[in-house]
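First the structure, in the form of structure tokens, and then the observations on it.
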Amino acid sequence: MKKNIGTIISISGFVLKIEFNESELPEISHALEYKTHQGTYLAEVVQHTGINTVSAIAIGEVSGLARGAEVINLGHPIEVPVGETVQGRMLNVYGKAIDGLPEPEAEVKWPIFREQPLLRELDTNKEILYTGIKVIDLICPILKGGKTGLFGGAGVGKSVLMQELINNISMMGGNSVFTGVGERVREGIGLYNELESSGVLPQTTVVLGQMNESPGVRMRVALTGLTIAEYLRDEEKKDVLLFIDNVFRFIQAGSEVSSLQGKIPITGGYQSTLSKEVGDFQDRIASTKNGSITSIQCVFLPADDIDDPSAVATFSHLDSTIVLERSIAALGIFPAVNPLQSFSRALNPTFVGERHYQLAVQVKFILQRYMELQEIINVLGMAELSDEDKKLVHRARKIRNFLSQPFYVSEKFTGTEGIFVEIEDLLSSVERILNGEYDERSEREFLFIGSYKDLK
């Protein structure tokens, strides 16, 4: 078969303008292969700019690339290997090995652009996926087959919480796909080593597009990880865990690509197609009658702004929202989850039962009231509160401290052994605190314990 070859006529950053024969223009989203002194890379057609010219985004390096260089139209979108061959491997955006092992033998390859499941194929039956992390299981439970977002600014513990969730949920069995989008290289290597030492790597695929790579790589690596998860769901009919760190970097890469194309941005400098790009991506993360994809996604908040357009565009697609707050981290309480800003549609009696629901509502009420009283305490002190309010403040502080927890993934740094808390122990502990059984105890005794059984 004759190769369809084009010629690069201009290079502007990562945007390539390429000339083809008029009758052989590649389609939008098709992959183009080009070579530099560093290796062979792909570009993606994003626009037809003339009768015989296209604009493409380089999904790789462009150093050393020059006008006049040849480009081969592959005739299809980027395709990545899927199935058993990629289990236990660390891959890049093209599905090529970056773990120092031989390339995965690609018996099957799937394009990274796929249609979302049809409405009649979706499975609406959901159940709770208990994580062993107290504040999540109590206040914002995760749905199996649902989408959960971890929102927070820089340095509040999103990645550590994500790694603990990977550790706790992966231990229950099943297949996992971790997609690192625009994050630090050391985090990817650290996660890979953690998975290897815990014995869950053989059932996990790690796909990385680091922050030092081109915006095209960071924009498309999320689709590579999602495609691998979709194959496990649709063809192997398995329940899959999809971890994405970080959705903001995916959006940011799209913004960079949009700017490179000269498109007019919206508020905050984001691309005008922000909602559609996020929607297309999120709608593919779905549970069907074949199997489920349970996704847990980190979302960075620029300047800790929960109203940032990137966060707002993501909110509507999620079943559970877990918000981490700097003021809680400053108190030394980890995970630094704000129970009042976090929510889950699974927190209703249908999913969790009446007892769990009522306890969660009481916890939210007592913490909200404590926040209101905190302003009085800051100005006038505890002495000005009524006896009833003083009792409420002490119980609220015990609850706040009790929701802290030592993690398995941070054992080597803290020297404290991680704890997985069963849901019954969690509910019994909260019940006892709310009922006043521990009113005589110090608030500090409730920091970083598992349940009431750990109180001496």
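Placement of Cβ uses the backbone N, Cα and C atoms for every residue, glycine included.
Noted in Swiss-Prot for the protein shown:
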BINDING   GLY152, GLY153, ALA154, GLY155, VAL156, GLY157, LYS158, SER159  ATP binding site
Among GLY152, GLY153, GLY155, GLY157, all listed as binding-site residues, which has the most CB atoms within 10 Å of its CB?
GLY152
Can you count the other CB atoms that lie within 10 A of the CB of ALA154 (ATP binding site)?
11
Could you name the residues, excluding GLY152, GLY153, ALA154, GLY155, VAL156, GLY157, LYS158, SER159, of the same chain that surround the ATP site, i.e. Cβ within 8 Å of the Cβ centre of those residues, in sequence order?
PHE300, LEU324, ALA329, ALA336
Per DSSP, LYS158 (ATP binding site) is which: helix, strand or coil?
helix
To see if you understand the setup: which same-chain residues, six or more apart in sequence, place their Cβ under 8 Å from that of SER159 (ATP binding site)?
GLU183, GLU187, ASP245, CYS298
For a quick check of packing: other C-beta atoms within 10 Å of the C-beta of LYS158 (ATP binding site), how many?
23
Tell me whether GLY152 (ATP binding site) sits in a helix, a strand or coil according to DSSP.
strand
Cβ contacts of VAL156 (ATP binding site) (under 8 Å, same chain, 6 or more positions away):
LEU324, GLU325, ARG326, ALA329, ALA336
